[in-house]
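Record features (TrEMBL):
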- C13, C18, C21, C43: [2Fe-2S] cluster 1 binding site (BINDING)
- C83, C86, C118, C120: [2Fe-2S] cluster 2 binding site (BINDING)
- 198-379: domain 'FAD-binding PCMH-type' (DOMAIN)
- L226, V227, V228, G229, N230, T231, S232, L233, D325, R387: FAD binding site (BINDING)
- Q720, F751, R865, G1032: Mo-molybdopterin binding site (BINDING)
- F867: substrate binding site (BINDING)
- E1214: active site, proton acceptor (ACT_SITE)
Amino acid sequence: PFAVHLSGTKYGCGVGGCGACTVMLSTYDPIAKKIRHHPANSCLLPISSLHGAAVTTVEGVGSIKNRINPIQERLAKCHGSQCGFCTPGMVMSIYALLRNHVKPSMEQIISALDGNLCRCTGYRPIIDSYASFAKQTCCQLRGTGQCCLDQEELGCSSSAGVRVVIKLFILTFLKTYKSLSFPPQRIVQEQQRKTLIFCSKRTTWISPSTLKELLELKAKYPKAPLVVGNTSLGLKKNDCDAYHPVILHPLRIPEMQVFSITDDGAACCLAQLRDILMETIPKLPEEKTKIYQALLQQLRTLAGEQIRSMASLGGHVVSRGSAWDLNPILSAGKSVLNLASDGGKRQIFLNDQFLAGHKHADIEPKEVIVSVLIPYSTKDEFISAFRQADRQKNAFSIVNAGLRVLFSPGTDTIVDLSILYGGIGSTTLSARKSCEKLIGRQWNDQMLSEACKLVLEEISLPPSASGGKVEYRRTLLVSFLFRFYLEVLHGLHQMIKCVSKAFYNYCSDLKTHSCLQDVDPGQSPQDPVGRPVMHQSGIKHTTGEAVYIDDIRPVDGELSLAVVTSVKAHAKIKSIDISEALQVPGVINVVTAKDVPGKNGNDEEEAFAKDKVICVGQIICAVVAETLTQAKCGAKKVKIAYEDLQPVLTIKDAIKHNSYITKERKLEKGDIEKGFKSADKIIEGELHMGGQEHFYLETNSVLVIPRMEDKEMDVYVSTQHATDVQKLVASALNLQSNKIMCHTKRVGGAFGGKITKPSFFAVIAAVAANKTGRPVRFALERDMDMLITGGRHPFFGKYKVGFMKDGRIMAADFQCYINGGCTKDESELVIEYIVLKVDNAYNIPNLRVRGHACKTNLPSNTAFRGFGFPQAGLFVETCIVAVATKTGLPHEKVREINMYKGVNRTAFKEKFDAENLWKCWKECLVKSDYHSRKTKVEEFNRKNYWKKKGIAIIPMKFSVGFNATYFHQAGALVHIYLDGSVLVTHGGIELGQGIHTKMLQIASRELKIPLSYIHFCETSSTTVPNGKYTAGSVGTEINARAVQDACQILWKRLDPIRRKNPKGKWEDWISEAHKKSISLSATGYFKGYVTDMNWESKKGHAFPYFLYGAACSEVEIDCLTGAHKNIRTDIVMDASFSINPAIDIGQIEGAFIQGVGLYTLEEIYFSPEGEQLTLSPDTYKIPAVCDIPEQFHVYLLPNSCNSIAIYSSKGVGEAGFFLGSSVFFAIRDAVAAARKERGLPLDFTLNSPLTVERIRMACDDIFTKMVTVFPFLFLSLVPLNLHLYEEI
């Protein structure tokens, strides 16, 4: 089975959190006599669990070799892939959905993508392509609405009955099989039902076929875990020391697979439970389904579809995780666990005592949960569930809750009350004592006041509680209680308005629109420039045939490598003991700094730490072994002794210790002192911004293959800068660069994160290969990648702004600090760009900017999309908002009065024309219908107390490129072969931005041949040497100039042939040229844009040109929880003449959503010792499908030109990122509306990211005061509450 080499399924995170590894599992259900399909995370599935199942990988859906599936075709043609690494997982999630529902609803399509992350596209084209399969639409590409899939196995059986009983430990199936039909032999095997036993060196996996046998096994092995979906145990698979001698797999037991709505109950995984509830609820009286509706509400947001399809309800219950969303509501609803053992059966309540693990209420070691009885609700009973997470879907809850109240018939007198919370302690907690004291009370304001007081007293959370966010979590306790109070009042018909449960239901239709551009009517139909040509690798992305570094098949003798990293932020290395590591079976050797023949890194950073470590995660040594598992186990055995040194971790610490990477960067314009004296008012303030993980879906990967002679090496590496890889590897091995051949076909996302670090990873692998004489593969696990590599620089800014009463800013003094980490990396450039770009779109006549890059003992932060501008732009916009707030003027008016106008100069004296800035601004005002919608937002806010809307429009002046000429140089090599085919190579690297696609378009235009004649192979140092890194938004245009140069040279060489035979075919010209000894190969070169910046004179032409844009966003926030939803975004971008508008719009959208992540969602946590704690998609949340605006419109500014770049184009790869701040300021607008209504000050600062916690705590109200000043508030609580109810 290991010889199949199916590489389409990608390994993204290893914890089931990103969806890149999604496959479809199919099993035969002997009870229902049908085949069931569902998506699953292959990274969590033990191979032993797959017996009798069929696995469909992306290769089984369709391929270029055979035929592609419409799912793949539509996604590619709708431009739904960029880097393509996540694409196979996207395909498989929708394929599994369509196998069950040929005509799904949009709700089902969006739900199917809950567990799939994409860092490139912004999701809009993915949703657009799959919307064509929805029942309300037909196929957009073929016009038939037909699906190619067979329709033999669909849906679930209908259900009806008197109660719902959920039986546990259901399906998790697999086996590799390419046919779309389920193998008949599998059906026969499932009908035979034999006990299966799989043995490894340490673990025995037993899959019994009867319940009796399972109970006997459990009696024999009471400590053996029961594993179904492996969604809990599987997270520990990378721990070499964590294992179980015996694992029981109850999947194949018929009693545990039966589903029927009868007195005896049903069995299902979480996805099945959801589907059963959706089918059952409409068939029962509403009064009976209240707990089912609450469960369904939680199931719609719990995890992703893959986890929901794998995890069993029994596993969810018995693992008793504090963040598990179903347990509080199951407990509140008086659910019952049906248990069995070899000694018999019994029932226990799924109550708070069970969830707390009290011995008298717990499961015995020999018992298993057979089913969960979920009783009906009654007429006088109300049940609600709540949760709040960092991200709306597929995220662990910060706090969740299940609440239930039973009234005396026909009254509002409490007979029974249950209040349970998760996310507060290590398990679900019950406010049992509080509930007992409230029995007999009436459901009124006084009761609420007393309930809040009692709950806060009983459910304690110390200031140092694990997980932090203490005040926010305590606020959620009473916020959820208040929401429940309102819902019950509504149910008792005592209120008309309440906080709707459906507030966060993301099933509304997503409306997207992208306005492309018109090409010149006189342009040849064969000329692809300016047209939305599909990504050159788009189809291969969707079929899984696009090859990334770790997809390259193993080569003979290949070794795997794992690194040992520092656990100290700052310390001397006293000793490295590798003796135990060398004893691990399969370990070949351990590589340290002593094994480097040449230079150990570069002048700024070591590849292997030698004498001391300067951050947690710094690489000290590497273990090479026959397998990756052996290498990891060996790495754990390396013992390192340290001598601690004092670390510097924060910007505040660095300022205190005067710890900086570079000298201060400073710009001045005008007379700042005079400007402040002339101002009517002066304000001062600060802004803090957190960092950001690149979270490229493909982690850093390198494969080094030594050649047989001359010490040559092939280095296959995922990088943005192949030349630097070549240079550092050669230097480390003490070789000339001509012995090192670097190859990069494509990169699975980078965003700046693969400019500097891949060179060091390549050095480590190359030194290991040199020492062992064998090929070495080094692919980082997600947690290691996030631990070792830095990200976007955290930012701290202090401002002093003088302004007039009409909003004109007269003077500004900015101090900007970034946390650069432990080495220089790109920090000097980043702080320079912050200083150069901080003005954004605003002409501040008297300006002083000072920038400092702080040196700390954190991993070195590096380049990231936008390169300092996202921090600088948010900082200056915060100043604009502060001025608008002080003057009482509309924010857009203050922006307009301060924006650059006409031909102007920057603070560093570079000349530019702001005409297109104003065109974008005005066009955005019109396209977004800003003024009309602003009025509607204000009206909405007057009518709603606990929900608020906000709207903001943001202008942008973005400088493209680098501030030194040599960064812009590029080379290309174009070959024409005798059959007329053309091979194009250049120095740029495909990161998902479509650079190769655009190069083919340019070659097609210049040589006047169809795209089908042209091919791109790979980026290699053997064909185009000395390439600069692909970054700064200019990678495409500078390499395009080189390709254009090479093509024009060839076209000129063919000129005599063409003149002699003007009506001849291309192939005839090439054949004749060859006969005439005309060279059909040409090197193209572009010297680069002339740029410079003199920091001594504070003057320069720092950037090739500027790009302009504007964005308007509208949001709605829940003032009780801090959650928000993005309602609409309109973007107008000055892309001039786009070479490929589909690709450029994709770049704008993807950057925008990435910016939304930075400003509202993504948060990095470090321990006090300097260790990063957010190391996986479980703990670090990037935007998902649920985070994109419900209406998303992108427009390219028409009739714009750029005389500098090729074909009058502009580089838009980074510019859209900052426009994500429009969501940040729309949220701030909503928070300001809430604060204004509460009589709170409006001159407040919101730091970034603007998470649910920050939003909620900024909407300061009675509940936040309960937490911060408890218990002194309660004397005034009741009358204040009554006032609030009148205002709702």
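Cβ atoms are placed via backbone N, Cα and C, with glycine included.
Note: TrEMBL annotation is automatic and uncurated.
Not measured: the values here are computed from a predicted model.
The binding-site residues recorded for this entry are C43, N230, G1032, and the Cα of C43 lies nearest to that of C118 ([2Fe-2S] cluster 2 binding site). Model confidence over the domain 'FAD-binding PCMH-type' (198-379) stands at 85, taken as the mean pLDDT rounded to a whole number. The residues near the Mo-molybdopterin site, meaning same-chain residues not in Q720, F751, R865, G1032 whose C-beta sits within 8 angstroms of the mean position of the site's C-beta atoms, are A750, G752, G753, I755, A863, F864, F867, L991, T1030, A1031, G1213, E1214, in sequence order. The recorded positions near F751 (Mo-molybdopterin binding site), taking a 10 angstroms Cα-Cα threshold over the set C13, C21, C120, D325, E1214, are C120, E1214. Cβ proximity to the [2Fe-2S] cluster 1 site centre (mean Cβ of C13, C18, C21, C43, cutoff 8 Å) flags the following additional same-chain residues: K10, Y11, G12, G14, V15, G16, G17, G19, A20, N41, R782, P1177. Comparing the Cα of C43 ([2Fe-2S] cluster 1 binding site) with the Cα of every entry in L226, N230, F867, G1032, these being the binding-site residues, the smallest distance points to N230.
Taking R865 (Mo-molybdopterin binding site) as the reference point, none of the binding-site residues C13, C18, C21, C86 has a C-alpha atom within 10 Å of its C-alpha. Within 10 Å of E1214 (active site, proton acceptor), judged by CA to CA distance, lie the following binding-site residues from the set Q720, F867, G1032: F867, G1032. When Cβ atoms from all protein chains are considered, those within 10 Å of V228 (FAD binding site) total 25, not counting its own. Close to the recorded [2Fe-2S] cluster 2 site, the chain also has S81, Q82, G84, F85, T87, R119, T121, L697, G748, G749, G992, G1150: residues not among C83, C86, C118, C120 whose Cβ is within 8 Å of the site's Cβ mean position. Taking the Cβ of C83 ([2Fe-2S] cluster 2 binding site) as reference, residues of its chain lying under 8 Å away and at least six apart in sequence are, in sequence order, R119, C120, Y696, L697, E698, R746, V747, G748, G749, A750, L991, G992.
Pairwise Cα distances among L226, V227, V228, G229, N230, T231, S232, L233, D325, R387, which the record gives as the binders of FAD, peak at 28 Å. Residue pair F867 (substrate binding site) / G1032 (Mo-molybdopterin binding site) shows a Cα separation of 8 Å.
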